[in-house]
Amino acid sequence: MLKLHGFSVSNYYNMVKLALLEKGLPFEEVTFYGGQAPQALEVSPRGKVPVLETEHGFLSETSVILDYIEQTQSGKALLPADPFEQAKVRELLKEIELYIELPARTCYAESFFGMSVEPLIKEKARADLLAGFATLKRNGRFAPYVAGEQLTLADLMFCFSVDLANAVGKKVLSIDFLADFPQAKALLQLMGENPHMARIMADKEASMPAFMEMIRSGKR
């Protein structure tokens, strides 16, 4: 059985978790916060989450894990059959990660954990996020899903990145990135109605106290 190592507060962990649930695959969840301790680095070379444990060993990096699951496991397809359309899904996924998720992450400390972020970092995040959302508007199809009519891997990155980025915009940057992006708002609502999302969000809520205690203590 596949084992998913990580924790339910992590958006990247939840992307993989949603893929496994959508495909109807059995899997075991293993709490793992990563870090630089030797035992953590044996599981994840960079000490990051998530990690997928397979019969052949451990895999890190979310996009790699998602591709591995899609290539090796049965169940609902999360990539189209056509090679070009597959590439478009991966293109959208990578654009959302590079130009929305990662810039927003630079302000997570202030947005979600009550810490301060340097003004220059916030200025760069604002510019990068404006460009990132403009990119998504140009390239996303939203029919109603990011890449078209079917749920794909791009939607997993979308639903666990765009909501956080918009929260950063409102709380830290004084901007609503979705104010003129009704298609993205509609897709977030649609994804929120997915029954698997209810489980994921409940697990996230239940895990939050332990996660916050870990943050306060500085221990992993």
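Glycine is treated like the rest: Cβ placed from N, Cα and C.
Straight from Swiss-Prot, the features:
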type	residues	note
BINDING	Tyr12, Val49, Glu61, Thr62	glutathione binding site
DOMAIN	1-77	domain 'GST N-terminal'
DOMAIN	82-211	domain 'GST C-terminal'
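In terms of DSSP helix, strand and coil, the domain 'GST N-terminal' (1-77) has 29 helix, 18 strand, 30 coil. Each residue of the domain 'GST C-terminal' (82-211) gets a DSSP state, and the totals for helix, strand and coil are 95 helix, 2 strand, 33 coil. Across Tyr12, Val49, Glu61, Thr62, which the record gives as binding glutathione, the greatest C-alpha separation is 9 Å. Glu61 (glutathione binding site) has a Cβ environment of 17 other Cβ atoms inside 10 Å. Shown in sequence order, Gly6, Ser10, Tyr13, Met15, Val16, Lys48, Pro50, Val51, Ser60, Ile65 are the same-chain residues outside Tyr12, Val49, Glu61, Thr62 whose Cβ sits within 8 Å of the Cβ centre of the glutathione site.
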